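Per Swiss-Prot, the features are:
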| type | residues | note |
| --- | --- | --- |
| BINDING | Thr258, Ser259, Glu260, Glu312, Ser411 | L-serine binding site |
| BINDING | Arg289, Ser290, Glu291, Glu376, Ile377, Ser378, Ser379 | ATP binding site |
Amino acid sequence: MLDPILLRKDLQTVVDRLKSRGVDFDIARFNELESRRKAVQTETESQQARRNALAKQIGQLKGKGAPEAEVQAVMAESQALPARLKALEDELAQTQAQLNDLLMSVPNLPHASVPQGASSDENVEVRRWLPGAADERGNPAALGFEVRDHVAVGEPLGLDFDLAARLSGARFSFMRGQMARLHRALAQFMLDLQTGTHGYTECYTPYIVNSSTLFGTGQLPKFKDDMFFVTKGGGDDEPKVDEQGNPLAREDQYLISTSEITLTSVVRETIVAGADLPLRLTAHTPCFRSEAGSGGRDTRGMIRQHQFDKVEMVQIAHPEHSYEALEEMVGHAERVLQLLELPYRVMLLCTGDMGFGSAKTYDLEVWLPAQDTWREISSVSNCETFQARRMQARFRNAQNKPEYVHTLNGSGLAVGRALVAVLENCQQADGSVRVPAVLQPYMGGLTVLEP
């Protein structure tokens, strides 16, 4: 969520920066609600002051023995104030809720270093890394034989999309034998690298979260259609009640679309000691996405699935150091690809292609020879205070005052897409797949997968 104080002080700058993202902020609606909020707040404060003055006046009148009629007249006015104050407080709460609803639909402001642009066509390549020779375009040189895509390579090795479709429908995969082992090896290698070399703390998190958690990280309310909603079977739990014993509404639950949600929420509604920053957290989890807006893209294979595994990196950082942390996290994701000897490039996303909560994002794109193109395998973002403000995540600064942390997240990496990249880049002319050296210890020393 954006800082309401920034909106009040410098609305036009906010509007201009949002416009660079292709977002037209409803200035009229904001001004209407803000004017109403100010008016109601001013009237509330006036009535509160009047209440205090009347209480003092009643005491003075009684103290000097004023006529009863005079005392009663003042008391009558005083007794009418609570109802008026309650109505004003309700109106103020309603207006503030409407303001919050407006702000919750507004994306983060882009950092000054983010290039202007409307779509992915205007993203900027920062660098690329190739483990071998390049062709005339600067892309990895051809393999020297007819390249097959990961589906054709993987199916003889234990990748089964037909069985997955019978079990679950489209956009799922089933793996067995050496293929399942390779998938597991990738995840274990990534976790070991992030924890052992890069200093992240491994976490095991829930795969089901409540709506307030998703609200804090920004998935709700805007991306509700992208989530899998969970319906609980069996008997109900004992109903929760408030302090007065009234039943509370049951909170909706969803499958996580990324463990960014659970890892970032570790600091929800907490105040962290400044000396403890940065926090570096990682987890290997399945991720569940409805792909509601995919429009029939990537229906073949493992590129875009309803269920996929990912090793996530999250940093909770001091605001003064968060952009150093962003570059560090990009390097952590790059190192995975380098050790796997997979060609990749780093792209700085333009204003029109960034995610909802991001102030600055880098995408890592891996080379897929069968598609003759680069495909995203990691996205690393600095959300600054956008998530922290929604979830009330703070730290104590040098003055011992609470201040919002900066939250960062990134894939380190998407396991399924890494498997796709290994199958395509490490395939051999006879249909076998060379196991990258860094994965061989996780494969019991196996160097080649053979049909």
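Residue 1 is the first one shown; counting continues down the chain.
Glycine residues also receive a Cβ, built from the backbone N, Cα and C atoms like all the rest.
Comparing the Cα of Ser259 (L-serine binding site) with the Cα of every entry in Glu376, Ile377, Ser379, these being the binding-site residues, the smallest distance points to Ser379. For Ser378 (ATP binding site), the same-chain residues that are 6 or more apart in sequence and have a Cβ closer than 8 Å to its Cβ are Ala333, Asp363, Leu364, Gly410, Ser411, Gly412, Leu413, Ala414. Close to Ile377 (ATP binding site) in the fold, though at least 6 residues off in sequence, lie Leu337, Tyr344, Leu364, Glu365, Val366, Ser411, Leu413, Ala414, Arg417, Ala418, Ala421, each with a CB less than 8 Å from its CB. Taking Thr258, Glu260, Glu312 as the binding-site residues under consideration, the smallest Cα distance to Arg289 (ATP binding site) is found for Thr258. Under DSSP, Glu291 (ATP binding site) is assigned to coil, being neither helix nor strand in the three-state scheme. The DSSP secondary structure for Glu376 (ATP binding site) is strand.
The Cβ of Glu260 (L-serine binding site) lies under 8 Å from the Cβ of Thr217, Glu312, Val314, Asn409, each on the same chain and at least six residues away in sequence. Spread of the ATP binding residues is 19 Å (greatest Cα-Cα distance among Arg289, Ser290, Glu291, Glu376, Ile377, Ser378, Ser379).
Among the listed binding-site residues, namely Glu291, Glu312, Glu376, the Cβ with the most fellow Cβ atoms inside 10 Å is that of Glu312.
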